[in-house]
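Enquirer: Take this structure, written in structure tokens, and hold onto it; I'll ask about it next.
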Amino acid sequence: MKITNLVDKKLASDYVAIELLKLIKDKPDAILGLATGGTMTDVYPRFSELLSANHVDLANVQTFNLDEYVGLEPEHAQSYHTYMHQLLFDHNASWNADNIHIPQGHVDDLEREARRYENQLKQIGQPDIQLLGIGENGHIGFNEPGTSFESETRVVDLTESTINANSVHFDHIDDVPKQAVSMGLNSIMRAKRIILLAFGERKRDAIHQLLNGETNESLPASILHQHPNVEIIVDDTIFNRL
């Protein structure tokens, strides 16, 4: 497990955007595993700028997002469909819509949707890079503490701490979805390379536990100890207090 310290979120986001660009230049049919949330808000605009500046053809690039809220239509302002299109997909015309994969959280049969998404992941292949954030309680994706390390894509109940953390994006806490369709920990671990980003004081304890604690299901991110190619990128706020 490699630890990379970059001064702040901007420099870290630039670094990740460049890593993604290098991958696609080397492998035009790359598979990207993408995350959402506040951690990634600078990564995708910078990545988009680099794609445009380098005139990269994205027609054969596949993307898989980690998760989507249950109950939100794709067009909802706080859906992860909207997030990804606003920050990335709408800015580069060569993205192939058929190759953009995000779970559907608004369908009637959510269990069927979870199975469909997991099967699609397995059929298309291992992500070359999987981006991750980390929750204050150590969750990755929406895999909350206690999630089985063998878990695959499924419907998950969000914890109170996750709902509270996500409430900043909604008008009222009652509007925050209580469930999501999320890739499982086993799904995530199939990626060839994993890059986890964490910024700010609120994420310091989770990173400290990840780096110094045991591998067990009470800290979902600790499964990353078992992966051969993980890079954890942190800012000075975290690194200087580890």
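Yeah, the Cβs are placed from backbone N, Cα and C, and that goes for glycine too.
Model, not experiment: these values are computed from the prediction.
The annotation active site, proton acceptor is assigned in Swiss-Prot to Asp67, His139. As annotated by Swiss-Prot, active site, for ring-opening step applies to Asn137, Glu144, with the evidence given as sequence analysis.
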Enquirer: Translate the DSSP assignment of Asn137 (active site, for ring-opening step) into the three-state scheme.
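Expert: Once the DSSP labels are grouped into three classes, Asn137 (active site, for ring-opening step) ends up as coil.
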Enquirer: Looking at Cβ-Cβ distances, which residues of the chain lie under 8 angstroms from His139 (active site, proton acceptor) while being 6 or more apart from it?
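Expert: In sequence order, the residues whose Cβ lies under 8 Å from that of His139 (active site, proton acceptor) (at least 6 apart) are Pro145, Thr147, Thr159, Thr162, Pro220, Ala221.
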Enquirer: Measure from the Cβ of Glu144 (active site, for ring-opening step) and count the other Cβ atoms within 10 Å, all protein chains considered.
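Expert: Taking every protein chain into account, the count is 19.
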Enquirer: So, three-state DSSP: helix, strand or coil for Asp67 (active site, proton acceptor)?
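Expert: The residue in question, Asp67 (active site, proton acceptor), is strand (DSSP, three-state).
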Enquirer: Identify, among the active-site residues Asp67, Asn137, the residue whose Cβ has the fewest other Cβ atoms within 10 Å in this structure.
Expert: Asn137
Enquirer: For the C-alpha pair, I'd like the distance in angstrom between Asp67 (active site, proton acceptor) and Glu144 (active site, for ring-opening step), rounded off.
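Expert: Per the Cα atoms, Asp67 (active site, proton acceptor) and Glu144 (active site, for ring-opening step) stand 13 Å apart.
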Enquirer: Rounded to the nearest angstrom, how far is the Cα of Glu144 (active site, for ring-opening step) from the Cα of Asn137 (active site, for ring-opening step)?
Expert: 8
